[in-house]
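Everything on this sheet refers to the single structure shown next.
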Amino acid sequence: MAGRSRRRSFWSVGVAAALLCLLAAHGCSAKHHKPKPTPGGISGNASSSSSNSSTPSIPPPVAPTPTAPTPPIPSPGTGSSNGSSGGGGGGWLNARATWYGAPNGAGPDDNGGACGFKNVNLPPFSAMTSCGNEPLFKDGKGCGSCYQIRCVGHPACSGLPETVIITDMNYYPVSLYHFDLSGTAFGAMAKDNRNDELRHAGIIDIQFRRVPCQYPGLTVTFHVEQGSNPVYMAILVEYENGDGDVVQVDLMESRYSTGGVDGTPTGVWTPMRESWGSIWRLDTNHPLQGPFSLRITNESGKTLIADQVIPADWQPNTVYSSIVQFD
């Protein structure tokens, strides 16, 4: 019996070691992302992310059915998203964390991710990003959510909270809640000058809580995606204070007018469909007429209207900033 028990123990250790190697190799590689829908039903895969975190490429496992509830929507005043150590007590949940990509990078080689955000190495994301498993990523509805995280149980942990934004997905069966962090975000949880020591730990225990997102000086921004055309509009929504995520986007066209004068709004809202991540799309059987107004709804049910934020002469792969923001 003792020998049988010992064999079981060795087997368990082996499985844990194999899982650690698997995570180190992949993180939330772009290979795991949903294919990006494009006009005409053609789809393609994003490029692979960095493999700096250790072993050869191997296929990802099938995602398990999540059993953990999604974290609660943050209340105003519960923490902050600026990385400070203050902000409300309680509400901490247990999770595990890994990291991928370059040690001081933002995760993916292309500084993107399954949410569709771009240049997450730059402010306001500043590489403080994370992949989330299903209770965090929520099939894309969790994109843009902000979480305070703090590591526990390792000598290099500072114990101070840092704030990360969900920009990518990872469905590896590590724990009920799993943050696969950028190298920058993982190292930020360490004591001074012990960042590399903490990163070398691989998988660590952390605590987390959802907090309101704060983007000082920024308004809600809309990026018209490459491939958009008169009968297909795809829009990335960014920089929403509060919940940080979006559960519905609606578009209002303008009436056609002659003489080069912009038309007035039609007053009719057309629901857009979630394409992938934080990108919403509208396919039509008629040429869309701008300027376009957009109405976004967050997880708390609050709505925000950006009147005629996208002009009639809009262009693909262009950013249009609104003058509105969630309170």
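A Cβ is built for glycine as well, from the same backbone N, Cα and C atoms used for every other residue.
The feature disulfide bond is assigned by Swiss-Prot to Cys115-Cys143 (among others), with sequence analysis given as support. DSSP assigns Cys115 (disulfide bond) to coil, not to a helix or a strand.
The disulfide bond annotation in Swiss-Prot covers Cys146-Cys213 (among others), and the record cites sequence analysis as its basis. Reduced to three states, the DSSP call for Cys146 (disulfide bond) is strand.
In sequence order, Ala97, Cys157, Ser158, Gly159, Met189, Ala190, Leu198, Ile204, Asp205, Ile206 make up the list of same-chain residues 6 or more apart from Cys151 (disulfide bond) whose Cβ falls under 8 Å from its Cβ. Look at Swiss-Prot and you will find Cys151-Cys157 (among others) tagged as disulfide bond.
Secondary structure counts, DSSP: the domain 'Expansin-like CBD' (231-322) has 0 helix, 44 strand, 48 coil. According to Swiss-Prot, the feature domain 'Expansin-like CBD' maps to 231-322.
What Swiss-Prot lists as N-linked glycosylation site is Asn45 (among others).
Sequence annotations record features per position, and here Swiss-Prot assigns N-linked glycosylation site to Asn52 (among others).
The feature N-linked glycosylation site is assigned by Swiss-Prot to Asn82 (among others).
Long-range neighbours of Asn298 (N-linked glycosylation site) (same chain, six or more residues apart, CB within less than 8 Å of its CB): Glu240, Gly242, Asp243, Gly244, Asp245, Val246, Val247, Leu304, Phe326. According to Swiss-Prot, the N-linked glycosylation site annotation covers Asn298 (among others).
Among the features that Swiss-Prot reports, signal peptide is placed at 1-30, with the record citing sequence analysis.
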Let's check the environment of Cys143 (disulfide bond): how many other CB atoms sit within 10 Å of its CB?
31
Please name the residue among the disulfide-bonded residues Cys115, Cys146, Cys157, Cys213 whose C-beta has the most neighbouring C-beta atoms within 10 angstroms.
Cys115
